[in-house]
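Engineer: Questions regarding the structure given below will be posed in turn.
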Amino acid sequence: MFLICFLTDYDSLFFFQAEDGIRDSGKEQSGNATDNEEEHYSQSIETAAEFLAHDTTTAGDGDEDEDDFKDANKEYTSNPYGDNISMSTAFNNIDAQVNKGKKHTVKTKQTVGITANFNQDLLSSTFSAMPTHNPNLNLFSGFKTPKIGSSRWGNTKKFSYLPKTTSIDEKERYTEYNRNASEKYSEDEEPEFFNSNSKTSKDSFDKSKFGESAFYDMFENYYDPYPSWQLNAPINRKEIEKIFDELGDVFKFQKDNLKNMFDYLLRMLDSRGSRMSSLEALKSLHRDYIGGKQANFRKWYFASQMDLEDLVGFKNLKKNGHYKKASKNQQQNYQNNNMYQNNFDLTCAEEKWDSNILNLKCYDYVVQIALYLLCWGEAANVRFIPECLCFIYKCALDYFYFLKKDLESETNSDTLGKSPTKHIEIKDFLTHAICPIYEFYLTANYESTKNNTYIAKENSHSKTIGYDDINQFFWYRKNLEKISLSVTLNNEKCYLFDYEPHIRFLHLNRVNWKKCFYKTYKEKRTWLHVVTNFNRIWIIHLCVFWYYTAYNSKPFYTHNYRQQKNTQPTTQATYSIMALAGSLASLINILSVLGEFSFVPRKFPGAVSITKKIILLICIFLINTIPSVYIFGMLPLNYQSTFTLGLSLVQFIISIITVVYFSIVPLNNLFGFSYRNEKVRRKYLANLYFMSSVVNLKDKALLASIGLWITIFFLKFVESYFFLTLSLKDPLRELKIINLTSCTGTTGFSAVFCVRQTHLLVTMMLFTDMVLFFLDTYLWYIICSATFSVFRSFYIGVSIWTPWKNIFSRLPKRIYSKILYPENIDPQKAQFLVSQVWNCIIISMYREHLISIEHVKKLIYSSGDSVDANSVHKTTLKEPSFFISQDDRILETSLFKTEPEAQRRITFFAQSLSTPMPDSCAVNQMPTFTVLIPHYNENITLTLRKIIKEEDDGFSQLTLLEYLKGLHPTEWKYFIEDTKKLVEETEASVSSFSSSSSSSIMSGTTFLKKNDDSILPYFYIGFKTATPEYILRTRIWASLRTQTLYRTISGFMNYSRAIKLLYDIERQNSGPEQPIRTFEQQKRLEEPSIVALRKFRLLVAMQRLKNFDQEELESTEFLLRAYPEIQISYIDEVLNPVTGVLEYFSCLMDGSCEVSANNERLPKYRIKLPGNPILGDGKADNQNHAIIFARGEYIQLVDANQDNYLEECLKIRNIMAEFEEMSEIDYTENVALGSEPENKVPVAIVGTREYIFSENIGILGDVAAGKEQTFGTLSARTLAHIGGKLHYGHPDFLNTIFVTTRGGVSKGQKGLHLNEDIYAGMNAILRGGRIKHCEYMQCGKGRDLGFGSILNFTTKIGSGMGEQMLSREYFYLGTNLPLDRFLSFYYAHPGFHLNNVFIVSSIRLFIAVALNLAILINNSVLCYYDEHKPITEIRKPAGCVNLIPILSWLRRSILSMFVVFFVSFIPLCVQELTERGIWKAFSRIAKHFVSLSPFFEIFVCKIYAGSLVNNLAFGGARYIATGRGFAIVRTPFSSLYSKYAPVSFYFAIILALLLLITSLAAWDFTLLYFWFTLSALLFSPFVFNPNQFLWCEFFIDYKHYLIWLFSGNSSKSKSPETWIQYIRDLRMGITGSKKKNNYLELTSLSRSHYKRPNLTNKIFCHIFPQLIFIIMIFIPYLFISTKNQTKGANPANALIRLMLITFGPIIANATILILGFFFSLFTGPVLSTCMKRYPSFISCIIHIFSLLDHIFFFNILFLLQNWDVTKTLLGFVLSILIQRFVFSITECFLLSREIFTGKANTAWWSGKWLTASLGWHIFSQIFREFLCKIIELSFFACDFLLGHFLLIIQLPILLIPYIDKWHSMMLFWLKPSNQIRPRIVSVKKRKKLRFTVQLYLLVFLIFSIFLFILIFGPVIAVKIIDINTKDYIPENLQFLIQPLEHAGFYDKGLKAYKKMKKKKTMV
């Protein structure tokens, strides 16, 4: 039997040679296979193997040694040739002709070419140096693992990496680089590239000195890099070269920039020229860049009114665009121009533009495009400022054309009387034009330090001039006129536009940009953004909620309401009170307009006048309000007349009209305003082009969008009214009639609050119901959008429920019709072509170890002989039975029983081809594209140490390799089989695998049973002999199953393989292939690689390459050897020895680059930058610096944690067709105007699906994967159709020209653009681009797998959303989008995050409502309530209150909350049902619930909400490296506590105490929901922490927790993470830190750690919410303290009691701190010299005293509350809240910035203030530190008690048998046999470990018992001994004791009510 096992690995398929057949090494057989079987299967995969074989880079099987690898990276290039005129010569010629007054022209000529011969020596040396055994093989696109040949690696000791050395110092390196960069082109020599010794006679080729040819030179035959731009081109490459030379001489562009942009342009022309005529390719490119209606430059030109400047000049125009007074001759000249009258008609100007474009020559097309690209290529960070770049380009273009035209002598003089400019010289373009703007931005955002480092300024976004502010400056003529120069003439200010257009470029370096730029939008950190941007959301919800609630709250506006009569209000009162919704809508819009006034400076020319809006809104507000003022303020409530009834009815109608109008019309378009209005269109043209060019939906999409939202709100309004509002009707009525009169239990003014208990309860209930009203909308949005997505999936055919049968039997036909380029050919040939595609797919899966050789035999096409009617033998193809046998029931077959990944890929491939797909084109005609991968510090490959080494700290017992083997047992099995067979090829002495041993390799258990020493090493580490090649194989196997850069690159290099395969298939003739000559075969092997090089580029942006460590450098070098054609861009830093300044360069290298003397690759391009390009959060800057090295018309953005597959890459041509630019017809223009049709709207972004390959890797990985899948598939499907999809970074395809001319693929302002990718999507929408989504292609993606990494990502996204809400993009979208598009945008993006805020807020509101209701119930006699009886019935017993309807409302509301929370599982459930079936959906959701995923979802919701709220209040958004490794390491308790206590634990423990009080006062089963929620907030970090419940680790962890608590207070503390540092970090978030201690010793930009938040934000976002919550708890505490009816009892003073318990601990702590301060001051300096830990000892004593102090006062409160648990807990919680409130005020108003080093803290405990290096701050720091220590002592008591509480709760779980295995199975979804094994340690270490565990178990038990006795001992003792403690309290303190309350005639509370109801029922 023939085995494909000879392929042995990912990287080297056997290759086919016509004369030799299958290679000899592939003829060996195993088992009992026959020769006939071998021949049969070899023929079946012959074609596939042939293609894939020459597609690999192999290590070879020859006898070459290790040095071949070292030589493989040598670059072989030839000298430039051609009779080119140098830049300086060209410039001189131009200048000479200009001076003579002659017009200079460049003649277009067709270059026939230069005959030359191939240099055989060069070819030989090239191939001999490459790492391959056969020079005929293609040298690129190796597969996933290098083929290891035994003979080659026999003498190899180590893989040849390039070590990082420092042999050349910085000065030599700088000199070498600058010498290389300053080389001049050879002007006299024209070396021959070909010589007469070539094998073949070649025609001459126009080989460019600028174009890339490094890879092309390695082939035996010469291939033109730009074959579509050849002899028939309207302007040949020689002339384009001369243009670049000329531009380089004029503007002093860098040499490498000229080379890079020349290749960039020629590849773009080649890409378009391959599918249209060369002339049309050039014209279309010019239209897209410069002249077309959708070209950004054209839009800027007219928006900034540069057409008027070019016609008459700004100086001759008034601000309104009219002429200034001029001489009669000037007026006559202007009026003679009939195209422009006084108002300068825009249409006429555009027609003139189109006419000029049509008259351009090809030379002009190239000049204009080339100049733009060259400016863009050196623009660096200015690329983020597209209109600024347009301005620079316009100045440069004017200057260039000035040098090209005839000049009269008088034009050389300065017509404006300014100084002559003819002597001004341009140093270089970068310094002249780019550096001034870059330096302005740098100094505006960063400040330098003494050591040449930069830190971010503390200015808020609203005071920082960012990229967008600079960019918007160039939108308007008014701003351009104010561009001033830094020089003056005759003491007069000089302006740039005082000069003629052609000489403005010369003065760009003299512009004073500091006086030009200003804020054009203020990103103030305020919630007013949420009101302004989303005003229609608030209007729709609040106004409808008002209508509903006002109608059902009639008792509140009824005159003398009586329950027995159910008195009704007057009709006019009902109408009028409801009509106030119009006033509310007007008020919201008034606030929104005020927000616009606050955010958009009035000096900004794009600011729209708001005076008219404000006046009209106030008028509408008054119209809606005055009738209510008259009816309720001037008339009695029971008054009614016809006039007032009519007035209220008219008011109500006006209200409805107002609400509907304000809900529909965007804020910007209120009262008929529109940018498109002809009266203002010219003035606000920039606003129209750059802010609101949103493409309108049409036809079905518009109908679907409107229909979806009508459905959502119809269902929402109906459900909300009947479920929410009606349930509130009875509670409001009952609370209205309650009259609290028995508030006699306390003295003072407590009774005032007591009687208002019901008022507070009503208010909180209304707010709670309003929050639920908002949440309901999101619920219905999820349900309806999921339903819509399901129907959409049925429509396009991606659901398994779609009735397309036989997807597998039809798969071959669909492959031919949709993947291949269909032609009219016979079926036999079609089958032959399809077989090649299918076989390559199957073989690629085999080589990735996804399937076995048995699967391959069943799945591939095989060849056989048949005899026709004429007895002629023919070779036929046998279709695999797989296509027929499946019958669409692949899930029921046993073919892929243990291969789920292969099953998934094949199934999706078959399903995807059944969906609609655009037609593809020929490979030669497809556009060129680039895959861009930004890389920071992600793993490139995994080292052996990483995959087999355990953690040293004892927090992990599982190696990564063991975990991967457990996750992928079958793939590990196939990998071992391949490795074993490779060994068999190498060592004949080793026996081959038998069939039994193959089956025994399934699991480690079977291996152990076999007891085969030869197999065990393979199973455990993948190899037996530790040679480099086998180690490398194991490393790569692991790297391809983790989230590494190598996995991403190897996956996306499948594009190259797919292109080669498709090209090879297209060029084949019908019938079987015949033997061909060797030379023709060589060319046949080379051509697919050439096409792949032309059409595809993979670019990795490694910004840190120069800072890589040795391990990273070796991995990078391995990438270049495995895939030599990948391009790696990086940032080089070189210290200029002359200036002492770091100079930065943007560099590019690949596998063809030479290696320098210091073992570093020399870059292919090295372009100097104006400074450090990383000015933002990193990723956007990394993409921006690398994007100039991308090639082609489209860019696919992917992250370094993604993957791709060969079968998906075959669809690349279909994806390209989605951009609708695949033919010349797509570019057809209106010939009369020379522009594209009006309805031609560019497609900016095409999104694709993502498969999350990290699913099923434990519960957390699967939850993260599920969220990504539903958002990227289910939601994207709906959003793309209704126009709500944006760009989310990956794996979207972007239109290169569209995005690069509009600011790039992302935005890069630090902090503000944290979520950088989404801004490209918003930018595309606002500037008139379309965003599409395709369902038929998907890429793999990895997601975070651990609790911490997922929450880091969540924090980043939440903080980034806070920044987005501040951004101008949200303002433009929110105030301009039509209603349906606005709703789609809101609920898909900010609505999700605000929904989380509402959910978290509702938890606090609900518990507060439940607490107040429970206190009211517990202290009231409840009426018997029967909902079926009329409400007018007399209440019994007497004096009762009817609170049961309120309790029913609470239950219903909690049910609503429960539904809202669990609706988050609907998308995943629907997604699984749609695409995988019922069983898969049920099993996955079931596993989620069993694994406690709801716990995790609750915690994530809190993190989302907290991140957003904190960011809007305080800022601090920053990039967080999440880390996407496997979560197999136990996180210490102290780390979990310090990370999650501020965001969750403190919040949850307070609410848990309040919920405990509620449960004790009035228990109800619905409270279980909140207990579950709070348990999740408290214990989720521990539930999802690996190894959390291992006995030994638990108590070792406790040891570290105690060390964390008590260390850090002495200078000798070694631990970087301590409790004191944690507290200081929390405090610095409020106070900020001193900047001078914040400088980082780095040679790069860094940000200060803690900025001081705005005082207003601290008050309203930090202090005010605490005050509100205190009031919500304070009133029920006073109520419960005053509501007693004990006769003869003396009233107590609850307020004084509360103040005593609140401030008593603070005073006690202050006292002990003062004593401790003086004690340490006098003893510390002396004793600390002999006792290094003396300061820590002092601090420990005082902290323990603080703990005892707080426990003591808690027991005092218990005593004063007469040992009442409920009242004591409520008072305790309230005291904690008041303390926290006082501390917050202290931190906000009294504390200065924190000293970052913590020296003041150390000085306090050691007494060494004089040596603390505090300078004059020593006097203020003592008092400041005293205040800090008071706060710290209270926090210490809290953290000590809370930490021990969390640990004590977990202790019983440790006692459950095998809990560690159950817990691991829940987290990792691994069987116990594949789980954690006991750690192997030495006997000595085991004894030490056992002693440590026993010791800290004892300590833990002692502390726990001690705390229990201190806290609960007194109350237990009092209850047991029955002591009357009141007798022991002094008489003068008796007023503090709460009197005992005795039951009255009727029992109070819910229990009494239930007894009464039970008796009634029995009766």
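Placement of Cβ uses the backbone N, Cα and C atoms for every residue, glycine included.
All TrEMBL annotations are machine predictions without curation.
Heads up, here are the entries from TrEMBL:
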DOMAIN    363-488  domain '1,3-beta-glucan synthase component FKS1-like'
REGION    57-78  region 'Disordered'
REGION    180-201  region 'Disordered'
TRANSMEM  573-594  transmembrane segment
TRANSMEM  614-637  transmembrane segment
TRANSMEM  701-724  transmembrane segment
TRANSMEM  1397-1417  transmembrane segment
TRANSMEM  1453-1470  transmembrane segment
TRANSMEM  1543-1562  transmembrane segment
TRANSMEM  1568-1584  transmembrane segment
TRANSMEM  1659-1680  transmembrane segment
TRANSMEM  1734-1757  transmembrane segment
TRANSMEM  1769-1791  transmembrane segment
TRANSMEM  1834-1859  transmembrane segment
TRANSMEM  1895-1917  transmembrane segment
Engineer: Per DSSP, what is the helix/strand/coil residue tally across the domain '1,3-beta-glucan synthase component FKS1-like' (363-488)?
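Structural biologist: Summed by class, the stretch gives 75 helix, 11 strand, 40 coil.
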Engineer: Give, as a single whole number between 0 and 100, the mean pLDDT over the domain '1,3-beta-glucan synthase component FKS1-like' (363-488).
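Structural biologist: A mean pLDDT of 84 is what the model gives the domain '1,3-beta-glucan synthase component FKS1-like' (363-488).
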Engineer: Which residues of the chain, 6 or more past the ends of the transmembrane segment (1568-1584), have a CB below 8 A from one of its CBs?
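Structural biologist: Beyond its ends, the transmembrane segment (1568-1584) has Cβ neighbours at 1259-1260, 1347, 1403, 1406-1407, 1410, 1454, 1457-1458, 1492, 1494-1496, 1498-1499, 1502, 1531, 1533, 1536, 1539-1540, 1544-1545, 1547-1549, 1551-1552, 1555, 1846, 1849-1850, 1867.
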Engineer: For the transmembrane segment (1543-1562) and the transmembrane segment (614-637), decide whether they are in contact, meaning at least 3 CB pairs lie under 8 A, counting pairs 6 or more apart in sequence.
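Structural biologist: Taking Cβ pairs at least 6 residues apart, the transmembrane segment (614-637) and the transmembrane segment (1543-1562) are not in contact, as fewer than 3 fall under 8 Å.
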Engineer: Honestly, do the transmembrane segment (1769-1791) and the transmembrane segment (614-637) touch, with at least three Cβ pairs under 8 Å and pairs 6 or more apart in sequence?
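Structural biologist: Not in contact, no.
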Engineer: Report, as numbers and ranges, every residue of the chain located at least six residues beyond the transmembrane segment (614-637) whose Cβ falls under 8 Å of a Cβ in that stretch; write 'none' if there are none.
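Structural biologist: For the transmembrane segment (614-637), the nonlocal Cβ contacts are 557-559, 569-570, 572-573, 576-577, 579-580, 582-583, 586-587, 589-590, 593-594, 644, 647-648, 650-651, 654-655, 658, 670-671.
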Engineer: Near the transmembrane segment (1734-1757), which same-chain residues lie under 8 Å Cβ to Cβ, leaving out any that are not at least 6 residues past its ends?
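Structural biologist: Same-chain contacts beyond the flanks: 1606-1607, 1609-1611, 1613, 1697, 1700-1701, 1704-1705, 1708-1709, 1712-1713, 1716, 1719-1720, 1724, 1727-1728, 1768, 1771-1772, 1775, 1802, 1805-1806, 1833-1834, 1836-1837, 1840-1841, 1907, 1910-1911, 1914.
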